[in-house]
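Colleague: Residues annotated as transmembrane segment in Swiss-Prot, with sequence analysis given as evidence: 22-42, 69-89, 91-111, 124-144, 157-177, 182-202.
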Amino acid sequence: MSNILKIFVDGLWKKNSSLVQLLGLCPVLAITVNAINAIGLGLATTLVLICSNATISLIKNNIQKDFRIPIYIIIISSVVSSIDLVIKAYAFNLYQSLGIFIPLIITNCIVCNRADLIAVHNSVLVSILDGLSIGLGSTLTMFLLGSIREIIGHGTLFFGIEHVLGESFRFLYIEVLDKNSVFLLFAFPSGAFMILGIVLAGKNFLDEVLGIIEHKNVCVCSNKVLVYKDGNKKIESQKSL
């Protein structure tokens, strides 16, 4: 398996930031009320990951280890602010829906994690591909949760798509369920927790069936991997790509 394919398989499935590492769950649970909001925040997060990873990789030789976290935050803040202004200018309705969750991308631990784990140790190309794969993995997770919650909680799919992609895409809007058949619980955060739990269980079941599950815990803070072999715990350093 080539390195590029491995990066995307890890980002989309094996090391999905939302379903495996369980990072950045606050926006995942809060903003996935419908599919369009989920796609909007997911793509914004993906752009932040790509741009911040590329920038940090370009200047990695000039970043002192003791000051790396403040530098990451400054770079990520600049990227998020730029994307926030673009969304406000060209997709104002989406901007109003996402609200505070766009600026909160700055504090999203997924972004800082990839910067410190990948971007500062690898080439620009690898850093960009890593940001793209991790971002798409998070976007797909949010889209799945948002679609399920919108269908069950509101009986629709792609509500408000014309505000993001234009009137020509209004035909994608679907009324799946009658308004009297919806289950409003899933439109609230408690429903988001329930759906996330079901999705996590489904992914773990598929991993077991396909035989691709890895019984190991990754410590994001120390970049260590705890590998369990024959009941014994062995600590190994995680290698960069």
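Glycine too: its Cβ is placed from the backbone N, Cα and C atoms.
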Colleague: Would the transmembrane segment (22-42) count as touching the transmembrane segment (182-202), i.e. at least 3 C-beta pairs under 8 angstroms with sequence separation of 6+?
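Modeller: In this chain the transmembrane segment (182-202) contacts the transmembrane segment (22-42) - 3 or more Cβ pairs sit under 8 Å.
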Colleague: Among 22-42, 124-144, 157-177, which stretch has the highest count of C-beta pairs below 8 Å with the transmembrane segment (91-111)?
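Modeller: By the under-8 Å Cβ criterion, the transmembrane segment (91-111) pairs most with 22-42.
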Colleague: Counting Cβ pairs under 8 Å to the transmembrane segment (22-42), which of 69-89, 124-144, 157-177 comes out on top?
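Modeller: It is 124-144, which has the most Cβ pairs under 8 Å.
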